[in-house]
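According to Swiss-Prot, the ATP binding site annotation covers GLY112, SER113, ASN114, GLY115, LYS116, SER117, THR118.
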Amino acid sequence: MADYQGKNVVIIGLGLTGLSCVDFFLARGVTPRVMDTRMTPPGLDKLPEAVERHTGSLNDEWLMAADLIVASPGIALAHPSLSAAADAGIEIVGDIELFCREAQAPIVAITGSNGKSTVTTLVGEMAKAAGVNVGVGGNIGLPALMLLDDECELYVLELSSFQLETTSSLQAVAATILNVTEDHMDRYPFGLQQYRAAKLRIYENAKVCVVNADDALTMPIRGADERCVSFGVNMGDYHLNHQQGETWLRVKGEKVLNVKEMKLSGQHNYTNALAALALADAAGLPRASSLKALTTFTGLPHRFEVVLEHNGVRWINDSKATNVGSTEAALNGLHVDGTLHLLLGGDGKSADFSPLARYLNGDNVRLYCFGRDGVQLAALRPEVAEKTETMEQAMRLLAPRVQPGDMVLLSPACASLDQFKNFEQRGNEFARLAKELG
């Protein structure tokens, strides 16, 4: 446990995570100072009187006088003010680093471009099914510092690349990078390898590394070692087995669960289940209760969620597909009896959309492209694409065209912030319109 007594601590970024950092230091007898580039950041009204605050910009004077800077994942380490502080030898950490220095129970750590919230939640459910007192959070749900509890027997953390950049004391009992595809390229000017390097920090001092056999970018930098356990579609220690028209989860040659017993559907969810099982096994959770959790878990909202099935048409909300890799995962192995009506669009965060093209062949695909990067997406297959300003216009356009056997899929491959508050609002709007139009 670290000692922060007498330290000049500055926290950048408020919100729930920033407040959890403030509470963390106050509980240890240290009064931090807080700054946020927003004029009225969320949580400002909950800040105790004694805490000095500076809003609307960063305060370089405070930063250069600090002994310790706790930076929100929302601010890039490359920001000139942080860069100058780092050059001056000032320590910069994030809330996850503070958490790792204090946590007394083992940590299962999960990152990846896609699937991480589902896998994090699943491992948490597996622990609960085993009667283990578990804390689940990080980049999903509660900030990590709010989970700290002497009674906790296991922590399961979802970690973003931004959080990992400021974390060096993570010693996970089991850690995984589920996949690495282009995302946040606006934060990583040196491209995919720079983004991957941030993700790879999760393996440092991990007891077991769970890697994706189908994605070489998830391997440790020196390649697989004795700490590595793998999962994949057709290969890996944990893989899928197809026999007589049925699909099984298989571990080292042994069939452990028929996927028809699971409530989750889709090949990407079956591989998520394999990854979760590998992590749970590595953390020492009993296999039987982990498999039971797999049969009861219904999935998370906005992640390939069937919001309406009516007149033979399935309306699926995959609004959490905020990058190309996530939409690829939804389309890979997708079975549609009739026509796929695919809604794409939003803010593509400078990504290359071309990997989607291979899934959009054939006569039974229609594209409806909207938002900031709609024109670029429509160019993937212009002869079957319609361009509208908004998602609502796209849905009103496609609704009269759907036939029994068709699927309407919102898997936008883009962030939502050009037209929505967040992906949840976009997904809720899709669900509302599906119920109205379907």
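Using N, Cα and C of the backbone, Cβ positions are placed for all residues, glycine too.
A quick note: this is a predicted structure, and the numbers were derived from the prediction, not measured.
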**Item:** Of SER113, ASN114, SER117, THR118 (the binding-site residues), the residue whose Cβ has the fewest other Cβ atoms within 10 Å
**Value:** SER117
**Asked** With the ATP site defined by GLY112, SER113, ASN114, GLY115, LYS116, SER117, THR118, which remaining residues of that chain have Cβ atoms positioned within 8 Å of the Cβ centroid?
**Response** ILE110, VAL119, LEU178, ASN179, ASN272, SER326
**Fill in**
DSSP output for THR118 (ATP binding site) maps to helix
**Other CB atoms within 10 A, centred on LYS116 (ATP binding site)** = 24
**Close in space, distant in sequence - GLY112 (ATP binding site), Cβ under 8 Å, 6 or more apart** = VAL119, THR176, ILE177, LEU178, ASN179, VAL180, LYS199, THR218
